[in-house]
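*Asks:* Sharing a structure with you now.
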Amino acid sequence: MALAVTVLFAILLHGYVTLASDPDPVLDFCIANADSATNMPCKNSSHATVEDFIFSGIKSHGKFSEMGLASIPVNVNNFPGLNTLGMSFVRADFEAGGVNVPHFHPRATEVAYVLEGKIYSGFVDTQNKVFAKVLEKGEVMVFPEGLVHFQMNVGDKPATILGSFNSQNPGLMKIPTAVFGCRIKDELLEKAFGLKDKEISKVRKKLHLC
């Protein structure tokens, strides 16, 4: 009886782990169909061309934010050829001193390659241990799935990172926005961070959250 229960548990656990990442494709490709009138998830494969598998939107950087960061995501929304392939991409450019605020991707591990510049880069594990280092051109760092990570340009010139994800929809949670957005009661934030109401309002105003 005990053996049967153990085997059943193993089978259920395997099924759970299998469903914990993007499913394997069952077709050569499934180019996302932009024609909603057909009600088909994939473009007819006989109409596919090489252009469906090429994306040219990251030849140059995007628009910089007040944080000195310009990021261009490459996913199924702007590159339909990625559909069902279980991966996505991002180009991130940093002005001198630019910051990619602490954030995490709930559904993907990220591998970041420094194309240009010097980037202070790191993540925090569930024991609150920080793994961080200044990366230079040509170096790569991995951010495990679901862990908070961050980047900052510590050089005096612009920097660029190319990031790859093992999910076509990694998700993005920016910690400052998630915590200091307008939907969490001020009383809770005051107790959690030891801040006064005016200080919380000041943070929100600085981050343009409310």
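In case you wondered, yes, glycine gets a Cβ from its N, Cα and C as well.
What TrEMBL lists as oxalate binding site is Asn100, His105, Glu110. Per TrEMBL, the feature Mn(2+) binding site maps to His103, His105, Glu110, His149. The disulfide bond feature in TrEMBL is assigned to Cys30-Cys42. Annotation comment: TrEMBL describes 56-201 as domain 'Cupin type-1'. Taken from TrEMBL, the feature signal peptide applies to 1-20.
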*Asks:* Which one of these disulfide-bonded residues, Cys30, Cys42, has the sparsest Cβ neighbourhood, judged by other Cβ atoms within 10 angstroms?
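*Replies:* Fewest other Cβ atoms within 10 Å, among the disulfide-bonded residues Cys30, Cys42, is found for Cys42.
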*Asks:* Measuring Cα to Cα, how far is Cys42 (disulfide bond) from Asn100 (oxalate binding site) in Å?
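*Replies:* Answer for this pair: 34 Å between alpha carbons.
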*Asks:* Using the Cβ center of His103, His105, Glu110, His149 as the Mn(2+) site position, which other residues in that chain lie within 8 Å, going by their Cβ?
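*Replies:* Checked against the 8 Å cutoff, the neighbours are Phe104, Ala108, Phe123, Phe143, Leu147, Val148, Pro170, Leu172.
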*Asks:* Distance check, please: Cα of Glu110 (oxalate binding site) against Cα of Cys30 (disulfide bond), rounded to an integer number of angstrom.
*Replies:* 23
*Asks:* What's the CA-CA gap between Cys30 (disulfide bond) and His149 (Mn(2+) binding site) in angstrom, rounded?
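*Replies:* His149 (Mn(2+) binding site) has its Cα 32 Å from the Cα of Cys30 (disulfide bond).
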*Asks:* For the binding-site residues His103, His105, His149, which Cβ has the most other Cβ atoms within 10 Å, all shown protein chains included?
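*Replies:* Answer returned by the neighbour count: His105.
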*Asks:* I'd like the Cβ neighbour count for Glu110 (oxalate binding site), meaning other Cβ atoms within 10 Å of its Cβ, all protein chains included.
*Replies:* 24
*Asks:* Which numbers of helix, strand and coil residues does DSSP report for the domain 'Cupin type-1' (56-201)?
*Replies:* 22 helix, 59 strand, 65 coil
*Asks:* Which residues does Asn100 (oxalate binding site) neighbour through Cβ under 8 Å, counting only same-chain ones at least six apart?
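*Replies:* Set apart from Asn100 (oxalate binding site) by at least 6 residues yet with Cβ under 8 Å, we have Met67, Leu69, Ser71, Ala92, Phe94, Phe150, Gln151, Met152.
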